[in-house]
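Among the features that TrEMBL reports, transmembrane segment is placed at 26-49, 61-82, 102-128, 140-158, 193-216, 237-260, 272-292. Under the heading domain 'G-protein coupled receptors family 1 profile', TrEMBL lists 41-290.
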Amino acid sequence: MEPGNDTQISEFILLGFSEEPELQPLIFGLFLSMYLITVFGNLLIILAISSDSHLHTPMYFFLSNLSFVHICFISTTVPKMLWNIQTQSKVITYEGCITQIYFFLLSAVLDIFLLTVMAYDCFVAICHLLHYTIIMNPRICGLLVLVSWIMCILNSLLQSLMMLQLSFCTNVEIPHFFCDLSQMTQLACSDNFLNYMVIYFTTVLLGSGALTGILYSYSKIVSSIRRITSTQGKYKAFSTCASHLSVVSLFFSTSLRVYFSSAATHSLHSSATAAVMYTVVTPMLNPFIYSLRNKDINGALKRLFVMVRLTELISLQSK
């Protein structure tokens with residue numbers, strides 16, 4: 001294909017992390033392990049919350065939604081990478097790339113929105129405890145999740161439709177393990193100015209808006225905790241949102257590190273490696289953070305295992 005030809009291509013090449021054949025089995029095993037741990041761990045969180053009536057509260061309702069989104073988040077990118085390694089192919093179709101961008105953006109932004117909603121829930125639980133059940137009633141909780149879904153769907157749809165307007169010529173290699181929106185826009189040989197404007201505008205609007213909401217909520221939480229006189233009371237108030245704060249810190253610190261490191265080094269392979277932290281590692285650690293630091297989740301998981309074990313014993317006896 002000659003340079004400057006505007007013929008629309010039908011597939012892209014995902015370069016991944018390394019082209020060394022001897023490293024492919026190691027990468028495959030590592031990412032398969034992380035994927036299975038993430039899916040299994042987050043499914044356990046969802047099952048534990050749904051099976052225990054004591055956990056049918058706003059905080060755990062949001063947590064179950066977050067676990068579901070984390071499963072979707074990692075399932076958008078890792079299975080395709082594993083398939084490419086297994087088949088020794090680096091190809092992804094144009095339609096597959098657009099689909100991956102849509103669901104990746106949907107999961108990533110929804111993750112941020114749910115973390116923001118959970119920060120608001122912590123704020124109400126600590127700063128307005130007496131009115132908590134009135135403010136965070138089931139209708140409001142459902143509405144917050146529904147609005148988050150609608151906004152994320154619209155954002156992903158807008159970005160995907162903008163991508164469809166671009167033409168791609170000779171450079172079809174993506175130095176990443178998935179179809180990244182910004183890198184895809186950079187590869188276009190048609191005018192991509194409007195695409196960049198939409199990307200920057202939505203990033204500032206949604207990203208900074210969510211981060212501002214989280215920071216505001218925790219500033220109020222810290223102020224309320226500082227006014228508590230007893231040490232036990234301070235610890236109890238802090239433990240209410242400790243797990244959420246850990247997940248927020250991990251997600252935003254890794255995301256910002258990816259942004260600033262890629263801007264500073266201009267190394268696309270370095271950016272792909274750093275992106276693993278928030279696309280794979282954070283969803284994987286979410287179940288561990290909530291199960292290790294949360295007695296309610298711990299108890300629900302133990303009861304779930306006991307119930308499964310009893311079901312197995314009854315089934316064996318009936319045979």
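Positions of Cβ are set from backbone N, Cα and C atoms, glycine also.
Unlike curated entries, TrEMBL annotations are predicted automatically.
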Tertiary contacts of the transmembrane segment (61-82), as residues 6+ beyond its ends and Cβ separation under 8 Å
14, 16, 28, 31-32, 34-35, 38-39, 42-43, 45-46, 49-50, 92, 96, 100, 103-104, 106-108, 110-111, 114-115, 117-118, 121, 141, 145, 177-178, 247, 279-280, 282-284, 286-287, 290
Leading contact stretch, 102-128, 140-158, 193-216, 272-292 vs the transmembrane segment (26-49) - CB distance under 8 Å:
272-292
Per-region confidence, the domain 'G-protein coupled receptors family 1 profile' (41-290) (mean pLDDT, whole number)
88
Distant-in-sequence neighbours of the transmembrane segment (102-128), which means Cβ under 8 A and at least six residues beyond its ends:
58-59, 62-63, 65-66, 69-70, 72-73, 76-77, 135-136, 144-145, 148-149, 151-153, 155-157, 159-160, 178-179, 181, 206-207, 210, 213-214, 217-218, 220-221, 224-225, 237, 240-241, 244, 247-248, 251, 279
